[in-house]
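Participant: From TrEMBL, for reference:
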type     : residues : note
DOMAIN   : 103-186  : domain 'Beta-ketoacyl-[acyl-carrier-protein] synthase III N-terminal'
ACT_SITE : Cys109   : active site
DOMAIN   : 231-319  : domain 'Beta-ketoacyl-[acyl-carrier-protein] synthase III C-terminal'
ACT_SITE : His246   : active site
REGION   : 247-251  : region 'ACP-binding'
ACT_SITE : Asn276   : active site
Amino acid sequence: MVLGVGGYLPERVLTNAELAGMVDTTDEWIVQRTGIRQRHIAAKGEVTSDLAIAAAKAALANAGIEAADIDLIVLATATPDNTFPSTAVTVQAALGITHGAAFDLQAVCSGFVFALSTADCMLASGRFRRALVIGAETFSRILDWTDRTTCVLFGDGAGAVVLERQEQPGTRADRGVLTSHLRSDGRHKLKLYVDGGPSSTQSVGFLRMEGREVFRHAVGMITDVIEDAFKATGYGPDDIDWFVPHQANRRIIDASAVKLGIAADKVVITVDRHANTSAASIPLALSVAAAEGRLKPGNLVLLEAMGGGFTWGSVLLRW
Ligand code: ACO
């Protein structure tokens with residue numbers, strides 16, 4: 001079951017108006033096409049693990065448990081501090097944990113959904129007891145700040161949840177993850193990618209995207225994996241208390257909710273304030289909904305994400 005949630009956003013806020021002074025764009029264009037009004041940007045020297053550690057500490061405090069109670073850290077990121085070691089082991093060390101396992105997982109914007117599903121399987125196996133599942137990103141570091149078609153879309157941040165195993169390994173949980181459905185299709189890999197990396201260019205590279213192509217595929221892929229979740233559990237759109245989608249674009253979120261028949265007042269939206277924080281967007285949105293008192297124990301919560309690869313997936317969970 002989910003014991004707690006927390007988030008962290010860098011202090012610096014970059015508004016659309018400021019961006020309009022950097023590239024040929026306007027607040028009106030960005031809001032109309034994406035719903036984004038501002039994003040947070042990590043300070044010089046502030047790295048992904050700094051954001052992840054802050055979010056992890058907030059989640060532990062919210063769960064009311066000690067770091068020593070954690071024996072698994074799965075950290076989703078496409079912007080690690082270094083090529084290796086993993087950002088997860090930096091978080092582990094900062095929390096003073098010397099037992100259990102910690103590793104990074106990379107599925108870009110779908111990272112948190114992939115990480116939650118992975119951690120759930122590892123807990124269900126009976127080999128681990130309590131997991132920190134973290135999404136943390138500093139996409140500001142891989143943006144081409146002269147490219148108006150991409151630099152307006154992303155922000156930095158981190159979110160984390162604490163997940164605990166049900167007492168009976170192998171039995172299905174009545175709280176926590178009820179079902180998850182993950183998909184990938186590498187034929188789409190050049191529609192959204194970073195043009196660098198240790199093996200190809202020995203550099204970090206910049207994010208490149210065919211925005212219209214991503215948009216064209218997004219709603220169909222998202223709704224497919226949500227239909228899979230409904231089929232697997234027997235739940236439907238009316239049963240959902242909160243729909244917490246990956247926060248990439250307001251138009252994609254609204255179109256997905258309409259296609260699925262999920263009422264607009266059940267949709268958690270943070271893209272206006274955070275922009276697209278990739279793997280961090282869902283746990284950040286969960287932390288906002290929990291802090292505002294909307295997300296309550298026992299609620300049925302539907303998560304979905306789609307991103308580079310393409311990768312996409314859904315998680316249905318009982319909070
Ligand atoms: N400001 C002003 N004009 C812009 C900007 C900008 N920031 N960016 C592009 N334009 C221009 C284009 O150059 C183009 O001009 P032209 O017609 O003279 O050539 C015009 O606006 C329209 O461009 P389109 O790309 O057709 O605009 P579209 O309506 O598709 O919106 C957007 C672009 C917002 C990127 C949209 O395609 C989108 O949201 N795609 C999904 C991408 C996404 O969310 N990716 C995130 C990662 S994947 C994920 O998380 C799901």
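Yeah, the Cβs are placed from backbone N, Cα and C, and that goes for glycine too.
Annotations in TrEMBL come from automatic prediction, not curation.
What's the neighbourhood like for each of these?
Facilitator: Contacts of Cys109 (active site) defined by a Cβ separation under 8 A and a same-chain sequence distance of 6+ are given as His246, Ala248, Asn276, Ser278, Ala279, Ser281, Ala305, Met306, Gly307, Gly308, Thr311, in order along the sequence.
Each residue in the domain 'Beta-ketoacyl-[acyl-carrier-protein] synthase III C-terminal' (231-319) has a pLDDT score, and their mean in this model is 97.
Taken residue by residue with DSSP, His246 (active site) is part of neither helix nor strand, so it is coil.
Taking all protein chains in view, 23 other C-beta atoms sit within 10 angstroms of the C-beta of Asn276 (active site).
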Participant: I'd like the per-state residue tally for the domain 'Beta-ketoacyl-[acyl-carrier-protein] synthase III C-terminal' (231-319) from DSSP, helix first, then strand, then coil.
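Facilitator: Taking the domain 'Beta-ketoacyl-[acyl-carrier-protein] synthase III C-terminal' (231-319) as a whole: 38 helix, 22 strand, 29 coil.
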Participant: I'd like the Cβ neighbour count for His246 (active site), meaning other Cβ atoms within 10 Å of its Cβ, all protein chains included.
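Facilitator: Within a 10 Å radius of the Cβ of His246 (active site) lie 32 other Cβ atoms.
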